[in-house]
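The active site, schiff-base intermediate with substrate annotation in TrEMBL covers LYS195, LYS253. The annotation Mg(2+) binding site is assigned in TrEMBL to GLU238.
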Amino acid sequence: MIYSRNRRLRVNESMRGLVKECSLSTDDFVMPIFVMEGDNKEEAISSMPGIFRRSVDLTVKECKELFSLGVKAVNLYMKVSEDLKDNTGKEAWNKNGLMQNTIKAIKDAVPEMIIMPDVALDPYSIYGHDGIIENGKVINDATNDALARMSVSHAEAGADIVAPSDMMDGRVLAIREALEQSGFHDVGILSYAAKYASSFYGPFRSALDSAPKDDLEIPKDKKTYQMDFHNSREALNEVYKDVEEGADIIMIKPGLPYLDIVAKVREAIDLPIAVYNVSGEYAMLKAAAQNGWLDNDKAIIESLTCFKRAGADMIFTYAAKEAAILLNK
Ligand code: PBG
């Protein structure tokens with residue numbers, strides 16, 4: 001009817017503030033961090049402008065800075081040297097491995113930082129797969145045993161929440177049981193429940209040198225465990241199973257092309273939902289901004305806010321630090 005004018009509530013910033021349906025805060029951010037061996041070392045990742053691989057000492061320094069900006073959670077990824085890789089991924093549960101040492105160092109320096117190590121075998125695998133390979137296939141249950149050992153070793157080092165990103169069936173239960181048996185009742189599980197086989201992971205795989213190896217004997221991609229991007233009902237099946245197995249937080253990944261999945265899962269469950277604004281999404285935004293085709297700051301704040309609108313509670317994003325600086329202005 002004619003007297004209904006939607007523009008009334010958009011007249012100025014204060015009015016728009018009153019009717020805002022969601023908001024973005026540094027509380028929502030989880031910063032993914034790439035770590036490598038060495039001292040005082042930092043290497044830029046060319047396809048991800050502004051993102052670096054750093055040695056443990058510089059990683060700790062970065063965590064202090066992030067915490068002071070209000071970013072209170074980090075998700076850790078290791079660049080593992082080739083000589084430590086094998087098919088079992090056993091370096092992943094080395095008590096003195098790079099991951100374990102990084103967790104300890106961050107906990108020591110910034111005790112309130114929430115530490116979420118990635119749990120998956122790909123950075124440790126000679127094949128670049130998230131699981132153990134037998135007869136040319138990624139095998140599920142033996143991989144779960146490895147992921148459970150890896151999770152316990154992260155917990156021993158001081159992790160707050162382990163984040164399995166591998167997409168094996170039943171791994172949430174395997175990890176939960178192992179954590180309980182080792183007395184880590186309070187260490188949570190953030191499960192990548194709906195993780196798709198996506199081309200948007202490219203820059204991440206080059207950052208860690210973790211892409212599936214080009215070898216006729218092994219699967220050339222991750223489609224036998226990560227989800228098919230044609231599907232959305234299947235995401236709910238994945239989510240319900242992980243909730244039943246004891247996940248504390250549910251992840252959907254990638255992010256921006258998958259907001260329909262975030263909204264659908266939000267309707268279906270009441271656990272906290274995380275979304276991953278992945279490396280390829282970050283690279284696209286940066287490439288456009290560097291060419292002057294997009295306003296970097298506005299595009300970052302808009303896309304991160306859209307995750308909140310879709311129903312996510314927390315956002316894994318390489319733009320966390322930049323966005324925190326913008327929000328603190
Ligand atoms: C692997 C893992 C990947 C990412 C996080 N954990 C890549 C993959 O599944 O191949 C991608 C993150 C990103 O692209 O930012 N377990």
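Counting begins at 1 with the first residue displayed.
Cβ atoms here come from the backbone N, Cα and C positions, even for glycine.
Shown here: features listed in TrEMBL, placed on the structure.
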residue: LYS195; record: active site, schiff-base intermediate with substrate; DSSP class: strand
residue: GLU238; record: Mg(2+) binding site; DSSP class: helix
residue: LYS253; record: active site, schiff-base intermediate with substrate; DSSP class: strand
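Each residue contributes its Cα atom, and for LYS253 (active site, schiff-base intermediate with substrate) and LYS195 (active site, schiff-base intermediate with substrate) these two points are 5 Å apart. Taking CA atoms as the reference points, LYS195 (active site, schiff-base intermediate with substrate) and the residue listed as 'Mg(2+) binding site' are 9 Å apart.
With all protein chains in the displayed structure included, the most crowded Cβ environment within 10 Å among the active-site residues LYS195, LYS253 is that of LYS195.
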